[in-house]
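One structure is given here, and the rest of the page talks about it.
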């Protein structure tokens, strides 16, 4: 379990919130100085997501998506708005959501709702979303809160809806990052927590062409 790395839950969440308050509301800020990987990231995410949006009896709809840990809307703008009629955004940092309204431009009119909230306290509206996208943010949740959040996300899905997690993982034990107060989980633990939440993994994909110094990034699709 990775929660043993969290000695004080209140401090764990408070420190992360303070960290993000001091991060510039830019793409480079959202990516911790790795803004140059954004195109590679988004292109891979689009290919991964589109396999579920194609024709077929289990096809995922394109009515509404939710961007979790949305920041200024990097993923909303380049990945979700081009594919979905409406996108909702949730982030713990109010300044980022305010910036999103200008960053998203004209297409931002199709953002349905902005939620300023930590994911540990957020409950998606039942049966609203075709896709719930959770990228580079599960490390800011304890194991217990991640499981309960995924359970709430499951209730938020429309028929044939899917939840997608994209995040850094390790292969040999979870690691705490004291700088931003987050946990990089072992990939086996991520799979275990997904199962604990009552979800089934549909596909897993490793991100290619990222800098060597970054922990490996994997995408998980589930319902």
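Every residue, even glycine, has its Cβ placed from backbone N, Cα and C.
Annotated features, as they stand in Swiss-Prot:
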BINDING   69, 74, 91, 92, 93, 119, 120, 135  S-adenosyl-L-methionine binding site
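Structure coloured by features recorded in Swiss-Prot.
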{"residue": "69", "record": "S-adenosyl-L-methionine binding site", "DSSP class": "coil"}
{"residue": "74", "record": "S-adenosyl-L-methionine binding site", "DSSP class": "helix"}
{"residue": "91", "record": "S-adenosyl-L-methionine binding site", "DSSP class": "strand"}
{"residue": "119", "record": "S-adenosyl-L-methionine binding site", "DSSP class": "helix"}
{"residue": "135", "record": "S-adenosyl-L-methionine binding site", "DSSP class": "strand"}
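Residue 92 (S-adenosyl-L-methionine binding site): 24 other CB atoms within 10 A of its CB, across all protein chains. Every protein chain shown contributes to the tally, and the Cβ of residue 74 (S-adenosyl-L-methionine binding site) ends up with 24 other Cβ atoms within 10 Å. Spread of the S-adenosyl-L-methionine binding residues is 22 Å (greatest Cα-Cα distance among 69, 74, 91, 92, 93, 119, 120, 135).
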